[in-house]
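Engineer: Sharing the features that TrEMBL gives for it:
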ACT_SITE  209  active site, proton donor
BINDING   209, 210, 211, 212, 213, 250, 359, 410  AMP binding site
BINDING   213, 249, 250, 359  Zn(2+) 1 binding site
BINDING   250  Zn(2+) 2 binding site
DOMAIN    133-455  domain 'PDEase'
């Protein structure tokens, strides 16, 4: 039996009533919906173990270990017991013991599931309606999606209007808007299940690296894909790859950075040989869900292999420790004016740069949005520092809440990381959007500087320098 609840249509100038936001509106679900969401943590290892992988693929090893990472609230974040390092005793639950109870699984199974199954039973070919999500969102959320290409899109409001399901709704809408569902003959039930599992594999207790951040990056990626230089050159496959990479680029992020995993001898650091540890983890997480849901199982094996590999190439490009490598290559292309977007490898490189920009675009958003992101990422840094202090570990740069402030961290990040990247992006795509982003960043930097002066006088020693700014600790 399908039970559907819908949000009432509200004028855009009126706030959403609390009783509307407190319920799971605009969502339809069934008693058998457990088939379409994340598994019970106790069944995770059994179900993952039922999937067959090539033994030569690192994904196979990763899948067997995945349970320790993705269900942090249930089993902690504990590496294999193969050393005596004190981190073996760290349980991340202690950090979030005062936070809200873990969000229950909110599965978004629309009436499309019923239509899909009934058509199969009656032998009627599946038809994809023009408005796939009409049954799943109404009112202000739907109105917001009509302006999803606006740079001032408020992802926090959108996530509230979709009852915490912003990543699912946004990504599904964009894939459908581009006609990719029909073009690539994607089964809607498998696609929906994939997106539900992607959203639930993000740790909602992370202040920054959560599903809302992934939705924000996906929306920014869409804005870049609409830029004239890209819109006239990218293929449908490029767009599909770019949107999936944006939605999954931080999948399963544990809320700590790579140096922390390395110095605590975490098994992920060992598995990926201390190289792009988090990015490799995000990539393999995405591949695992693609295979588990069978989203592209109808494609030839060689095509699936290429897609998985290129998805990894995009996600690995978000490794902030390799920022200067990508930036130097980008500058060289622009200086020599030799970017040819009819060339597949050049288009892929631009997708990498677009995803990098989308990943760290928070300083380029309007102040009201940028300030919220700055506070969230800084709090995540400080929570890592609290863990390090508690377990007598060396506190990572930027992670000591007693020695840093939101303002000085953000000013340093903008000066040495964001501004150089977006200046080159503006050279590549000199549009109203690129100039708007640079303008917002300049205003936001000035605003943080003003707040810093009001709060305390910052000594020269406290300001980051070009030689020592810790790229590894940046919010990616």
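A Cβ is built for glycine as well, from the same backbone N, Cα and C atoms used for every other residue.
Those TrEMBL annotations? Automatic predictions, nothing curated.
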Engineer: Among 250, 359, the binding-site residues in question, whose Cβ has the most other Cβ atoms within 10 Å in this structure?
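Structural biologist: Counting every other Cβ within 10 Å of each candidate, the maximum falls on 250.
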Engineer: Measure the Cβ-based neighbour count of residue 211 (AMP binding site), defined as the other Cβ atoms within 10 Å of its Cβ.
Structural biologist: 24
Engineer: Which entry in the list of binding-site residues, 210, 410, has its Cβ near the fewest other Cβ atoms, using 10 Å as the limit?
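Structural biologist: Counting other Cβ atoms within 10 Å of each of the binding-site residues 210, 410 gives the minimum at 210.
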Engineer: When you tally the Cβ atoms that lie within 10 Å of each candidate's Cβ, which of the recorded positions (209, 213, 249) has the highest tally?
Structural biologist: 249
Engineer: Quick one: Cα separation, residue 410 (AMP binding site) versus residue 249 (Zn(2+) 1 binding site), in Å?
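Structural biologist: Answer for this pair: 22 Å between alpha carbons.
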Engineer: Among 249, 250, 359, these being the binding-site residues, pick the one whose CA is nearest to that of the residue listed as 'active site, proton donor'.
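Structural biologist: In terms of Cα distance, the residue listed as 'active site, proton donor' lies closest to 250.
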Engineer: Reported as an integer number of Å, what is the Cα distance between residue 249 (Zn(2+) 1 binding site) and residue 213 (AMP binding site)?
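Structural biologist: Residue 249 (Zn(2+) 1 binding site) and residue 213 (AMP binding site) have their Cα atoms 10 Å apart.
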Engineer: Let's check the environment of residue 212 (AMP binding site): how many other CB atoms sit within 10 Å of its CB?
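Structural biologist: Counting Cβ neighbours of residue 212 (AMP binding site) within 10 Å gives 24.
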Engineer: What's the longest C-alpha separation between any two of 209, 210, 211, 212, 213, 250, 359, 410, the listed AMP-binding residues, in angstrom?
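Structural biologist: Value for the max Cα separation, rounded to a whole number: 22 Å.
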